[in-house]
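Presented below is the structure to which this report refers.
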Amino acid sequence: MANKNNVTELIFTGLFQDPEVQKVCFVLFLPVYLATLLGNSLILVAVSISKTLHSPMYFFLSSLSLVEICYSSTIVPKFITDLLAKVKTISLKGCLTQIFFSHFFGVVEVILLVVMAYDRYVAICKPLHYMNIMSRQVCHMLVAGSWLGGFIHSIIQIIITIPLPFCGPNVIDHYFCDLQQLFKLACTDTFMEGFIVMANSGLISIVSLFILVSSYAVILISLRKRSAEGRRKALSTCASHITVVILFFVPGAFIYMRPSSTFTEDKLVSVFYTVITPMLNPIVYTLRNTEMKNAIRMSWKQKDS
C-alpha cells in the first residue's frame, strides 16, 4: 500500500439524500444562520456602546458572541450551500482547515464558559472583592488564555491528522469535516491517532465540566445563607449561563456516548450544536436580562438616527 495521498478532494454525503428535503432544509437553516449573525452581532455592539454593560460579565458575553459567530461561520455557510448542490465536495486542504477552526473555536467556547462560571462564582461568593479579582487585566488574560487553549488543542489535532495517507475512498458520511469520519478514510491504522484525538478532546471536556459543576455547587452552598430574595437574584444571573452550558454539552455527550452504528442520529444532533445553539445563545442571554435588552434597543435607536 502506497503511503501517499492520492485523494485531493472529498465528498460529503450530506444530512439527507432527498433533494426536496434538502431544499426545505436550505429554507429553514439560512434564516437560522442569519439570525445567529444578527443576534450575536447585536450583543457585540450593545456591549461596546453601552456604559451600563462595561462589566466583566458582559465582556465575557461579548467574547462568547464573537466566538459563536466564528464557530458557526466555519461550518454553516458551506453546509447551507451544499444543500443546493448535487455533489458536495471539499478539498482535502479545505477539510483540514475546517477541522482546525471548528476545533479551535469549539474549545475557545468551552473555556470561555468555564471562565464565565468562575466570574459568577466570584460575583456571588466574594462580592466585596469582585472588582479587585476580576480586574480588566485579569479579564483580558482569561479571554486570551481561552483563545490560546483553543489554538493549542487544534494544533495537536491537526498535527496528528496531516501525516495520514489518504489513497481512497473519499466519501465522508457527514455534512462537514469530522475527524472520526476522516480517520476512516485513511489508508493506515488510525487507532493511536483516534485515541490521542479523543483523549485531547475528552480531557478538555471532563476538566471543564468538573470546574463548571464545582463552581455552581459552591455557589449553591453559599446561597443557603442568603435570604430568599438574595437567592432569587443570584440564581437569575446564573440561569442563562447554566442553560447555555446544557445546550453546549448535552448534544456533544449524546454523540460521543452513543454507539458508532447510530451515525444518522448523530448527524441530526450535530445540526443542533453547529446550527441551532449559536442562534439560541443570544436569545437565552437577553430574554431575562433587562440591561441587555435596553442596550440593544439603544443600539437600534442610534443606528436609526
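Heads up, the Cβ atoms here are built off N, Cα and C, so glycines get one too.
Computed from a predicted structure; not experimentally measured.
Relative to the membrane, L84 and T264 occupy the same side according to Swiss-Prot. Range annotated as transmembrane segment by Swiss-Prot, chosen from 142-162, 163-183: 142-162. The two recorded residues, N6 (N-linked glycosylation site) and C95 (disulfide bond), show a Cα separation of 15 Å. The most densely surrounded of the disulfide-bonded residues C95, C187 is C95 (count of other Cβ atoms within 10 A of its Cβ). Here the transmembrane segment (203-223) has Cβ contacts under 8 Å with residues 107, 110-111, 113-114, 117-118, 120-121, 124-125, 149, 153, 230-231, 234-235, 238, 242, 245, 249, 252 of the same chain, all six or more residues outside its ends. Below 8 angstroms of C-beta separation, residues 15, 29, 32-33, 35-36, 39-40, 42-43, 61, 64-65, 68-69, 71-72, 75-76, 79, 174-176, 178, 240, 243-244, 247-248, 251-252, 254-255, 293, 296 of the same chain, each at least six residues beyond the ends of the transmembrane segment (267-287), sit close to that stretch. DSSP assigns C95 (disulfide bond) to a helix.
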